Amino acid sequence: MTTEHKSGFVAIVGRPNVGKSTLLNRIVGQKIAIMSDKAQTTRNKIQGIYTIPEAQIVFIDTPGIHKPKHRLGDFMVESAYNAMREVDATLFMVSADQKRGKGDDFIIERLKNNNSPVYLIINKIDKVHPDDLLSIIEDYSKQMDFKEIIPISATEGNNFEHLMDVLVEQMPEGPQYFPDDQITDHPEYFIVSELIREKVLLLTRDEIPHSVAVVVDSMKRDENDKVHVQATIIVERDSQKGIIIGKGGKMLKQIGTKARQDIEYLLDDKVYLELWVKVQKDWRDKKIYLQDFGYRKEEY
């Protein structure tokens, strides 16, 4: 008897900085979603593709749900809600080392009206005592009737295989949408821009993160298979530009070196990376700039 192929879509939702991008990167086995210890680093719905012989699951890593403070914030939250509307399962992710807060309760209330089954994923279990984990499970169990509660460590991989088995079982019968070796539906230049932005967040001060965008101006492969990437880092203030460039260009060079290493790993080729920094005042509040920098509602 032949087993029918399964396929479907899964949304990953939760408060900012609970490990959604880390989980997605583990699922696909490669870095496609930006990771940082600073909140609200995922801005577009990143689609990662998990493929095994009997199933294919498309994962959507949404921006962390928060109270918007500007147009970009509105976009990020709307993007998260759109992701939850038409999926076969929703993973509500919380962090074991953070107490349940108003933000979690807000998301839970929205999830109660969800059409798809909701799984509670308790991440970072490697950071808490087992007794504390039991009390967390008990607390969340009182808030909503979850399909299943699955404790994991996205960083260490604890319980990861069980999570994937559960999700494959949940998926309906369906075709394989993407080739076996495709791990995201985003073009390479998008992933490249995210890798550069990740390094900016990693290396600069707290005032930078939510004011930065990265635009890849060109990506060209030469006759020696070396990839030439030109990209512009967009900030809102001259002071931020100074921080990113650094004394004698030192910070920009560091950003470029670290980003280049990740881009070479992604493309499996040598990369020549050129970076510029440009000031575009208040870009997060201007629709035209949001579109120019890749935030388009019709795409995400």
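Cβ from N, Cα, C; glycine included.
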Region 'G3' range according to Swiss-Prot, out of 61-64, 97-100, 185-188
61-64
Of the residue ranges 14-21, 254-261, the one that Swiss-Prot records as region 'G1'
14-21
Looking at 79-82, 83-86, 123-126, which one is region 'G4' according to Swiss-Prot?
123-126
Checking 40-44, 220-224 against Swiss-Prot, the stretch recorded as region 'G2' is 40-44
Most crowded position, judged by CB atoms within 10 A, among G14, N17, K20, I125 as binding-site residues
K20
In three-state terms from DSSP, label N17 (GTP binding site) for me.
coil
Within the predicted model, mean pLDDT of the region 'G4' (123-126)
95
